[in-house]
Amino acid sequence: MSKKPVRVAVTGAAGQIGYAILFRIASGEMLGKDQPVVLSLLEVPMEKAQQALQGVIMELQDCAFPLLVGIEAHSDPLTAFKDVDYALLIGSRPRGPGMERAELLAVNAEIFTAQGKALDKVASRNVKVLVVGNPANTNAYIAMKSAPSLPRKNFTAMLRLDHNRALSQIAAKTGKAVADIEKMTVWGNHSPTMYADYRFATIKGESVKTMINDEVWNKDTFLPTVGKRGAAIIAARGVSSAASAANAAIDHMRDWALGTNGKWVTMGIPSDGQYGIPKDTMFGFAVTCEGGEYKLVEGLEVDAFSQERINVTLKELQDEQAGVAHLL
Ligand SMILES: NC(=O)C1=CN([C@@H]2O[C@H](COP(=O)(O)OP(=O)(O)OC[C@H]3O[C@@H](n4cnc5c(N)ncnc54)[C@H](O)[C@@H]3O)[C@@H](O)[C@H]2O)C=CC1
Ligand SMILES: O=C([O-])CC(=O)C(=O)O
């Protein structure tokens with residue numbers, strides 16, 4: 001018997017990442033090749049954006065995806081999020097020239113407060129929310145705080161792009177296959193302060209740290225390369241990463257929904273106080289997923305260098321949270 005369709009909301013659906021992700025969701029790459037989906041697409045209520053959205057919808061129709069059983073265009077989160085099972089919050093304002101970080105936080109805080117409230121009112125009580133729009137961790141924190149009737153654990157932020165970037169740098173350094181790397185993780189904020197940590201990583205059972213054995217490379221090459229990859233892509237392409245961001249969002253949601261078979265992945269999740277990260281902080285942690293739930297990997301040793309890195313990324317997140325506290 002075929003499965004009941006699920007409702008998937010995507011915001012910023014006419015943007016770059018939207019264009020790179022919708023076709024993959026509709027083809028079953030996110031939720032499985034046996035899972036029919038209804039796409040509920042949200043864009044700003046401006047004529048240009050709504051018109052562009054109609055163009056994307058025409059293209060989705062023209063793909064005749066067997067799993068795509070409905071497409072809706074919306075300009076109001078209250079209708080877009082009605083009964084949704086999955087919500088990918090991608091649309092947000094990028095930083096403009098001369099714009100201070102605090103201003104960006106304030107503009108986006110409004111978007112994510114409204115969207116959190118709308119999810120709270122109308123989404124499925126089991127909705128799985130992934131925030132991609134930057135600053136992703138703090139936007140996810142805002143949405144979670146604006147949706148008090150939904151479980152906190154339903155809200156997550158995207159650290160998977162950093163995780164995937166780290167995997168690919170390690171593969172290049174060791175000359176091994178990406179697919180063979182296990183137990184990689186990224187701690188903290190989706191920003192240059194993130195701490196990509198390969199101390200526990202293995203390749204076919206062998207320690208990656210021992211294989212690389214180069215602390216200077218870790219500190220001076222690996223961490224800056226992963227941390228500043230977003231800026232490097234903007235410098236090269238003139239616009240920010242879109243296909244790789246869409247790919248990471250697919251990976252995040254697929255693993256959360258369908259499980260990781262014991263493999264570690266990185267998700268930004270609300271802390272319950274583990275590793276000294278204050279409760280509710282939306283922080284990148286190693287997790288495994290099973291049965292539609294993520295589970296934090298506990299008991300990892302935090303050495304002095306790691307603690308220092310974790311403190312830096314935590315401080316940044318706490319400053320961001322303090323910057324929006326008056327809006328919540
Ligand atoms: N977490 C991560 O790893 C990454 C996050 N990003 C972030 O993702 C976001 C989207 O990136 P792009 O698609 O490249 O940007 P884009 O500018 O191409 O598209 C954003 C779309 O969102 C729409 N939008 C803005 N406010 C909205 C609202 N309140 N409701 C619904 N739609 C809204 C805009 O009209 C636009 O079509 C940016 O904030 C970017 O910085 C990008 C790459 C990686
Ligand atoms: O850096 C940016 O603006 C886009 C982004 O989040 C990334 O590529 O990691």
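Glycine too: its Cβ is placed from the backbone N, Cα and C atoms.
Feature annotations, courtesy of TrEMBL:
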type	residues	note
ACT_SITE	HIS190	active site, proton acceptor
BINDING	GLY12, ALA13, ALA14, GLY15, GLN16, ILE17, GLY18, ASN108, GLN115, VAL132, GLY133, ASN134	NAD(+) binding site
BINDING	ARG95, ARG101, ASN134, ARG165	substrate binding site
DOMAIN	6-155	domain 'Lactate/malate dehydrogenase N-terminal'
DOMAIN	160-321	domain 'Lactate/malate dehydrogenase C-terminal'
Residue pair GLN115 (NAD(+) binding site), HIS190 (active site, proton acceptor) - Cα distance, angstrom, rounded: 20
Integer Å distance between the CA atoms belonging to GLY18 (NAD(+) binding site) and ARG165 (substrate binding site): 20
Longest CA-CA distance among GLY12, ALA13, ALA14, GLY15, GLN16, ILE17, GLY18, ASN108, GLN115, VAL132, GLY133, ASN134, per record bound to NAD(+), angstrom: 20
Residues near GLY133 (NAD(+) binding site) in space but at least six apart in sequence (CB under 8 A): THR11, GLY12, LEU89, ILE90, GLY91, SER92, ASN108, ILE111, PHE112, ASN139
Cβ neighbours of GLN115 (NAD(+) binding site) where a neighbour is any other Cβ within 10 Å: 29
Filtered recorded positions, from GLN115, GLY133, ARG165, HIS190, whose Cβ is under 6 Å from an atom of ligand 1: GLY133, HIS190
Most crowded position, judged by CB atoms within 10 A, among GLN16, ASN134 as binding-site residues: ASN134
Spatial neighbours of HIS190 (active site, proton acceptor) among the binding-site residues ALA14, GLN16, GLY18, ASN134 [C-alpha, 10 Å]: ASN134
For ALA14 (NAD(+) binding site), nearby residues of its own chain (Cβ under 8 Å, 6 or more apart in sequence): LEU41, GLU43, ALA49, GLN50, ALA52, LEU53, GLY55, VAL56
Neighbourhood of GLY18 (NAD(+) binding site), C-beta criterion under 8 angstroms, separation at least six: VAL10, GLY12, LEU41, VAL56, ILE90, GLY91
Sparsest-packed of the listed recorded positions (ARG165, HIS190) - C-beta count within 10 angstroms: ARG165
Binding-site residues near ligand 2 among ALA14, GLN16, GLY18, ASN134, ARG165 (Cβ under 6 Å): ASN134
Packing count at GLY12 (NAD(+) binding site) (other Cβ atoms within 10 Å of its Cβ): 24
